[in-house]
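Working notes for the structure below.
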Amino acid sequence: MAAPAKGENLSLVVHGPGDIRLENYPIPELGPNDVLLKMHSVGICGSDVHYWEHGRIGDFVVKKPMVLGHEAAGTVTKVGPMVKHLKPGDRVAIEPGVPREIDEFCKIGRYNLTPSIFFCATPPDDGNLCRFYKHSADFCYKLPDSVTFEEGALIEPLSVGIYACRRGSVSLGNKVLVCGAGPIGIVTLLVAKAMGASQVVVIDLSASRLAKAKEVGADFTIQVAKETPHDIAKKVESVLGSKPEVTIECTGAESSVQTGIYATHSGGTLVVVGMGPEMINLPLVHAAVREVDIKGVFRYCNTWPMAVSMLASKTLNVKPLVTHRFPLEKAVEAFETAKKGLGLKVMIKCDPNDQNP
């Protein structure tokens, strides 16, 4: 493939709260272990929208212009001299977190916890919502012909579901509660079923999102209104016939985490995926006296190979998650759509010559 000419790298850049712009960035120079990618499909994540609206997520503050995007797939156009496993023309999915050093967390395989990690579209690191993007070749995964670019981009949220189910030790025959029917809740549902969960119930405020959960495999759905966490937990137990061994909380809402504690079977596990306020009130004694283990999830690690295999074997289907598509030139409109909650997953197509999935 011919190298891109200078000035062709259209990128979506956040400058601060409420300020995103399409700008031309330089084509990045490769290091010896890097690849240059022609981006194809990039999904909009809630964190992208949050950086646009607020200019920060917790301690991560946008202090200089930053390219957004971290759910991505593209085509290799150039490789660094040390790269042996990829070549120009290869289609790849991008794992956005790359350790900058081999620290204690990397040595035990939990590189997602390394404090100095590079992570796409987390200040100060640029993301990949652009025409051309440089990434570490070791964190680019070749896609089989049977897996589309959009499926490759969806490996990022799918990885959150895989990692959450691993942290919860979801296994054959388990009953599972998923709190939240957004993109992360939906992929968690898909993974839990693929890992052998016998019954999965999904709860959410939105009837339309619960309908999507039912469409893709939820055994039961419960629409939450003004019930107390105790009452919701009783409904969960009623539809399942017993309390779930594993609850995976994907909203971050205080009441939802409380529901997770009340709903989970004694000796079971509550996995907290959703990021809410730093301080929340929890019925901790209720968890302690019933030995409900509470585990956190921060991004993911060691999930891309499994995700590629699951998609290639058609073990699960993530295609229904994509509800809207926009060309890169209309990325601001795409973000408006995502902000309004009009779709489940909004996908941006970065290659002007290929708008296919």
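Glycine residues also receive a Cβ, built from the backbone N, Cα and C atoms like all the rest.
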Given that Swiss-Prot annotates HIS70, GLU71, GLU156 as binding Zn(2+), state which candidate in CYS45, CYS140, CYS179 belongs to that site as well.
CYS45
Residue carrying phosphoserine as stated in Swiss-Prot, selected out of SER146, SER169, SER238:
SER169
Figure out which of ILE184, ILE232 sits with ASP204, ARG209, VAL273, GLY274, MET275, VAL297, PHE298, ARG299 in the NAD(+) site per Swiss-Prot.
ILE184
In sequence order, the recorded positions (TYR51, SER169, GLY274, VAL297, ARG299, TYR300) whose C-alpha falls within 10 A of GLU156 (Zn(2+) binding site):
ARG299, TYR300
Tell me the Cα distance separating SER169 (phosphoserine) from GLU71 (Zn(2+) binding site), rounded to the nearest angstrom.
25
Can you count the other CB atoms that lie within 10 A of the CB of TYR300 (substrate binding site)?
24
If you measure TYR300 (substrate binding site) to HIS70 (Zn(2+) binding site) at Cα, how many Å is it?
13
